[in-house]
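For 59-258, the entry in TrEMBL reads domain 'Peptidase M12A'. Annotated Zn(2+) binding site per TrEMBL: H157, H161, H167, in sequence order. Look at TrEMBL and you will find E158 tagged as active site.
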Amino acid sequence: LDLIFNIDILLREKKKITISQIFNELITSFLIQCMAASRVIDGTTTLREGDIAVSTGRRSKVCFARSCQWAKSVDGHVYIPYKISPDYSEMDIKLIKKGMENIEKGTCVRFVPRTHQRDYIDIQAQSGCWSYLGARGGKQTVSLQNPHCVQVGVISHEFMHVLGFVHEQSRFDRDNYVTVMWPNIWRGKFKGNFEKFKTENLDLPYDFGSIMHFGKYAYSQDGEPTIVPKNNQRMKFGQTEHLSHIDKMKINKLYKCGKSSQVSTIC
Ligand SMILES: [Zn+2]
């Protein structure tokens, strides 16, 4: 979608260019955008949308809802094995587990301590709060920096990324609901965090109440709003406390909770 978007811009600006020129320009602009928008975690991993880790190594894959689901067990649950770093205190661990319970309540997702499973999340207090998108295969880090990411809502938010969900305002149809105020984004540097993605919306309405929705002033340059709702200016959004009803529905629909167990596609 982003590429198509860029082609559109290029075609409007330059009428006479060859396909290979378009392609080269696309690659260049895409790389520049990515570099500007991303923070490098290590040699092969960067952050997209502020907190979604993207690996550029051999195992990298583009992953949107539906494409990188966790496997569903024959008992109808989706088990996500986890390991928690010993660096966390007992209190921290309680909060992390509370974040897990928030996801589990009313869904078929269950977090279980890892024993032997091949695919699992490894919760560590690295720098920042971030996660990979969906099941990546093998061990995948979820970073919950101590103390500022060890809050139940933030934890649940990162686990939603683990399940495969991007930010609500990244939905391909978000322009029907919100206006992104591009000039207000901090130093223009974080514009990449406001991109749209080719999302699978699961026939669910745009959800201002989602725990995955950025706040009105996310990445603001000088306190001016970066996201403004289209219809109701007073609409509240950007809550970081709990999953909304629709967030739960997203999980249940994507993982077909309550339906007879069929092993989901693992990529
Ligand atoms: Zn996020």
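Quick reminder: no glycine exception, Cβ is built from N, Cα and C everywhere.
Taking the Cα atom of each, the residue listed as 'active site' and H167 (Zn(2+) binding site) are about 10 angstrom apart. In the predicted structure, the domain 'Peptidase M12A' (59-258) carries a mean pLDDT of 93. For H161 (Zn(2+) binding site), the count of additional Cβ atoms within 10 Å of its Cβ stands at 22 [all protein chains shown]. Its Cβ placed at the centre, the residue listed as 'active site' has 23 other Cβ atoms within 10 Å.
According to its DSSP assignment, H167 (Zn(2+) binding site) is coil. The number of other Cβ atoms within 10 Å of the Cβ belonging to H167 (Zn(2+) binding site), over all protein chains shown, comes to 26. In the shown protein chains, 26 other C-beta atoms lie within 10 A of the C-beta of H157 (Zn(2+) binding site). Close to the recorded Zn(2+) site, the chain also has E49, D51, I52, S131, E158, M160, F165, V166, I211, M212: residues not among H157, H161, H167 whose Cβ is within 8 Å of the site's Cβ mean position. Reduced to three states, the DSSP call for H161 (Zn(2+) binding site) is helix.
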